[in-house]
Every structure is written in C-alpha cells, then in structure tokens.
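Data first, discussion second: the structure below is written as structure tokens.
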Amino acid sequence: MSLDISNYPLLALASTPEELRQLPQSALKQLSDELRQFLLTSVGISSGHFASGLGTVELTVALHYVYNTPFDRLIWDVGHQAYPHKILTGRRDKMHTIRQKNGLHPFPWREESQYDTFSVGHSSTSISAALGMAVTAEKEALGRKVVAVIGDGAITGGMAFEALNHAGDLHKDMLVVLNDNEMSISENVGALNNHLAKLMSGRLYTTIREGGKKVLKGMPVIKEMAKRTEEHLKGMVVPGTLFEELGFNYIGPIDGHDVNGLVETLSNMRDLKGPQFLHIMTKKGKGYEPAEKDPIGWHAVPKFDPTQFRKPATKPGLPTFSQVFGKWLCDIAAKDEKVLAITPAMREGSGMVEFSQRFPQQYFDAAIAEQHAVTLGAGFACEGYKAVVAIYSSFLQRGYDQLIHDVALQRLPVLFAIDRGGIVGADGATHQGAFDLSYMRCIPNMVIMAPSDENECRQMFYTGYCYNEGPSAVRYPRGSATGAEQIEEMTALPIGKGVMRRQGQKIAILNFGTTLAAALTAAESLNATVADMRFVKPLDEALLLELAASHDVLVTVEENAIMGGAGSGVLEFLASKNRLKPLLQIGIPDEFIKHGGPEEILSELGLDAAGIEGQIRAFIER
C-alpha cells in the first residue's frame, strides 16, 4: 500500500519513531490527524480491528515521541489498539496485509518487529510483563524505561490487579497508562484534571513532595497528617484512590486526544521514580462518526469504504454456530427460569445479545475474568441452578484450574458452550481453538461433545442441560453452520454414543465435529466407512471395537491438536483392549497455527476433503 505524500505530508516523514522524534512538537497534531485518516483507509482495504485504534492515535504518537523506543519498552495489552503503533514502527506500507496469510500479525508480535517488545492477543497481561521488564531494567542499570498500555476493559481482569499489587510492593520504575474510553467526564472536570495532572507530574510538585517526606521522616504524626491531607485533596477531583493505595503515583484523568498535553505529561512522568499510573480519557472510534456512535459494532470490521459511513450489508445466509447457541439458550430459558448463563465479556461474540435482553435476571457478564466466570457457574450449580458458561476455546484455557478444581472435582453439572473451537483464522495463533479437546479430555467426570452440524449442536446443548452427573461441554467452530435442518424439538442424546454415516470397506473414518462433510466427501473416493462419533468423552467403545474388528485401517479426523486429542483417546482405548489396528490421526499438528483465512488454513493442514483423502492414501501406501 503506497503512501500518497500529498495526502500525508507529515506521516511520510515519520516511518519510524526515530523519524517521528525529529519532528517539532507543533507538528504532532497534524501528524495525528494524518495517522487517523491513514488508519481509516488501510483498515477499509484490509479489514480488521478498527474502533480501538482510532481512539489511541494521539497516545501512540505521544509515547513514541517521548520515549526512546525500542530501547525503552512499550507493551500494549491485548493489541486491538496497536494498529497506529504498527503504522509508526516501519510497517505502514504493509498494513493492507494485516490478519491475512503471510501478512502482518493482527497483534503486536515479537517475531515481527523490534518495537513489539511483548507478543499479545489475550487480555490483562501487559502490567505483569512490564513489571518483569522493569525489574531487569533496574538490574542492567542502563536507564531503560518501561510503559504498559491497558484498556478499561482489560484492567478488569484479575491478573492486571495481581500485577498492580506486586508492582506497588516492588516499587520499580514503570508507567501504566490506563486508556479509559468508557467514563464520561464534563469539560470543566476534564479541564481541572488536565491542569492538575500537569501540576502533579511536574518537577516542582515532585520535588516538594519528596522533600517533604524527608523533612517529616522524624515526625510521623505530622507526616501521616500531611499524607492524609494530600490524599483528601486529590480524592476530591481525582478518581485514583485505588491505584494510590496499591502503591502507584496516580495522575489524571486527562484528555487522551490532546497530543501536546499528553507529551507534556509523559515528559514530566518519564523520569519519576517508582510505579506511575496515568489515566487518560479517550473515545473509541474517535474521528469516524459511525464508530463513535457504535464502538462495539465497529470494534472489528470487514473490508469497507470509509466514505460511505456504513459497513457493507451482510448477505442473508446460514446462521452461525454462535447464533444457534443463542437461540437454544433463549428457548431453554423460556421453559426454565433456573437456567443462568455466564459470559466473560463476550456477549456479542457468543450470540447472547437477545438472551441478555429477554432474560436480564438470568444473564451474567463476569467481565474479562475467566477464572471467576467458571467458579461463578460452580456456585450456581451448587444451589441447584443450571449454569451455562459461554466461553471461547482459547479463553477457557485461562480458567483451567477452576474447571478441574471447582467444577469437575465436585461433579457439578455446569454446561460449557465452547465457541471458536478449531481454526478461527485471521486472529491467529493466540485465538485458534486448537487445544480444548486435549486439555478437557484428561479431566475426570467430563462429558465432551463435538457436533457435526447445527442440529446436532442444538441437541447436544439440550443433552448437556439434562445431564446432572457432572460437567459437560459442547465445542463448536466459529462462523456459519452447515445448512442442516434444525429440529425445534429438543431430544437428549444417549451419552457416549456415535452414529454411522456411511458404510464402506477396509477403511473406517472416525469423525469428531464439523469436519464430517469433508470426511464424507473423502470417503466417497475411498469407499470408506464413516462414523460420526459425536462424543470425545466418553467414547463409543462398542462402536470402536466393532469398527476395529471389521476394517483394516482406522482414521480419526478432528479440528484439534493431534497430541492428546480425540484420536489419542481412540488409540489409548484400542491399546488397552489389545485391539490395535493401523491408525492415522488427522488433525492440527504440534505447532502454533498462524493467521489467515480459515479455508486456506484448513486446506494447508490437510483438513479439507482433498487433504483428508490425500493423507489416507499416503498412509495406506507406506
């Protein structure tokens, strides 16, 4: 994507932070405007995360202007807001490739740039990483500064507060910037806080404050009185008491779209000792009216024309698996008021908007707190309620101990609706749902289901709802369903029983999940038997023994890591019965899968029809 210098005269001069720092401060306002316009244009071409980046343009410019990056360490939490950072750190001309196969990574990524000091994608990790870097910076004594940027959503995660607590205790030199795009403050209060922030971050205030501490060191009563007076005065206009109590010097809130004000405040704070906390107010979607009005809807966008001020119309088509879940949840809640559903800040993505509106007393958003969400469900189940935890596969990893200790160990009937199982595509390695079958299969008392289509998915949700002997999980992929007819009537499936889908000879394909259509297509060319296993745990042992006895070769197919997955379960069972046959496991290899289109990734992994057939033929010919 070449840069039209006539439209971006200053941005053309700031390809890297080193070039940015050569510009006069008076040019930063225009540079920010050009950067925001370039972001609009580039995301319109590429698709991707949108509203968050529009809100951090001025902050990004100010941070790279004040801090000596990459020597100074800058860590972005999650990374949705880091597109301006990528543009200013040598990747401007590749922005049209972001989230595409062999293109720029969707998040800051250490392997991609020296300016990406910590690879991210999941929430609430930045402060812990920054503290680790601050500790080592002190040991090296090179004068390196460390900054973590975290949003008001990510800071709700427990890990962020654990890190804040530890950072306050260790008292290392570091800065945490809270990008707050939720709170609304009036202009008067905002102006007061902007002035107060400059005053309190300035050298005069800091010198008086630290000098006063030394003078009053021998007079503890007066020192305590002075401390309380300062806290009281700050508390009247500054909502930062919590962070002060954690050991941080709190500054703010200030206007996050005043680039010159940010530069002044950051310049003052850069050399302050100990943990610093800067609270800035921004507007998600800043500078693009549709995104300002609907920041959730414009959080991530497909390719679009920014001049049209609307996203392209969605073509009517098949429902997504998330929508199938949302409809089932509404249907069952209408019949049972003891159904309580939980999501860790993924209402829209998990298909729960309608449910939250129709059944607000049965809906719980636990925020970005997966550990809490899982154990909250355990608490519901203890009291005889039916807990449904809707969670992404890659995020359930963060509540793994709770899944084992708080749910499975107590055999609590919590139903996990695990979205984004398998390949998710453009969000890349941090979000691929490659491990859930493996990490759940080893947990005692778990029932794990993998539907082959949307109707089977609906019936499995009902099966989990009816199951009261312990926890159950239904894992399903991102995106559109298969087009199977959905049967409104809900019927509980027999636990641990698969079904035959095609009778063939010599080769038996044991399919787990939505790869069934590809497996059936491959089976036509191979004249292979196909079984829709349905249950990863417990396995249909009778069906496995029957297929092993009547076929020469067994093949397992799953959109999950081969290591420890459903195929491993089949192999373990047959070995325990001394009924081993040549067995090919088809799935995700032992590597992190990069970003790209889901179809092209599945094809590359050999998980489409041609790939399944090719792998089976190669296995037979060995």
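The backbone N, Cα and C atoms fix where each Cβ goes, glycine too.
The Cβ neighbour count for H80 (thiamine diphosphate binding site), using a 10 Å radius over every protein chain in view, is 26. The thiamine diphosphate binding site annotation in Swiss-Prot covers H80, G121, H122, S123, G153, A154, N181, Y288, E370 and is backed by sequence analysis.
A coil conformation is recorded for N181 (thiamine diphosphate binding site) in the three-state DSSP classification, outside any helix or strand. The C-beta environment of N181 (thiamine diphosphate binding site), restricted to residues of the same chain at least 6 apart in sequence and closer than 8 Å, consists of G55, G151, D152, M281, T282, K283, K284, P295. Per Swiss-Prot, the feature Mg(2+) binding site maps to D152, N181; the stated evidence is sequence analysis.
Each of the binding-site residues H122, D152, E370 was scored by how many other Cβ atoms lie within 10 Å of its Cβ, and the smallest score goes to D152. The full span of the recorded thiamine diphosphate binding residues, H80, G121, H122, S123, G153, A154, N181, Y288, E370, taken as their largest Cα to Cα distance, is 32 Å. D152 (Mg(2+) binding site) carries neither a helix nor a strand DSSP state and counts as coil. Taking Cβ-Cβ distances under 8 Å and a sequence gap of 6 or more within the same chain, the neighbours of G153 (thiamine diphosphate binding site) are S123, E182, A345, A367, I368.
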